[in-house]
Amino acid sequence: MADLLVADRTGGGFRMDGRLIYLMGPSGSGKDSLIEAARQPLRSINGEVVRRVITRSAESVGEDAIGVSREEFEQRRDKGDFALSWHAHGLDYGIPVQIDHWLEEGRHVLVNGSRGHLAEALQRYPTLLPVLLTVQDEVLRERLMKRGRESLAEIEARLRRNRLFTAEDPLGDSQIYRLDNSGEIAVTVANLLKLLNVSAEPDRI
């Protein structure tokens, strides 16, 4: 289910007919799986999923992203190729400006966003739909154990980070939707699509 933190949000930025769905979530929450699973359902309602540009090889990213060198990233950014860009964990991330064209055409666009960059994203896209993906501790522990990439100590550290991530409000005066991804991915996709309808009609909330 999705929990809503409601607040008013006004100001400048791009006014577009489509809706930018800004997905955030801690490592292990299943963002990549959700994005892939939501791709076709979004297309069925005239939506798109954008590929991020990241400064490392696509093979090591763990998502359907475009890997580039730091030099190429800087060149693209200077040319205005990115609608949004940020630096985190030693890497640069860019969202192609193509999303503006999709939004102008009335398409919804799902992006893999950054919690730390949410304030800047809201300035550019005031009608942005911020979605925070969460997962219950016991479910996350089971997923990490099955994956087998981390030691027990590393798993516990990841669980602590997960609790901190989901406990904090990324931006206190914004409208944040919390989407639980502890169950079947199909249920999470369905709830994500429902958010588009709910957020478009505030009188129903």
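Backbone N, Cα and C define each Cβ position, glycine as well.
All TrEMBL annotations are machine predictions without curation.
Listed in TrEMBL:
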type    : residues                                               : note
DOMAIN  : 18-197                                                 : domain 'Guanylate kinase-like'
BINDING : Gly25, Pro26, Ser27, Gly28, Ser29, Gly30, Lys31, Asp32 : ATP binding site
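Annotation note: Gly30 (ATP binding site) sits in a coil segment as assigned by DSSP. Secondary structure at Gly25 (ATP binding site), as computed by DSSP, is coil. Counting other C-beta atoms within 10 Å of each candidate's C-beta, the binding-site residues Ser27, Ser29 are led by Ser29.
Comparing local CB density within 10 A for the binding-site residues Gly25, Pro26, Gly28, Gly30, the maximum falls on Gly25.
Using the Cβ center of Gly25, Pro26, Ser27, Gly28, Ser29, Gly30, Lys31, Asp32 for ATP, the list of other same-chain residues with Cβ within 8 Å runs, in sequence order, Leu133, Val135, Asn181. Its Cβ placed at the centre, Asp32 (ATP binding site) has 15 other Cβ atoms within 10 Å.
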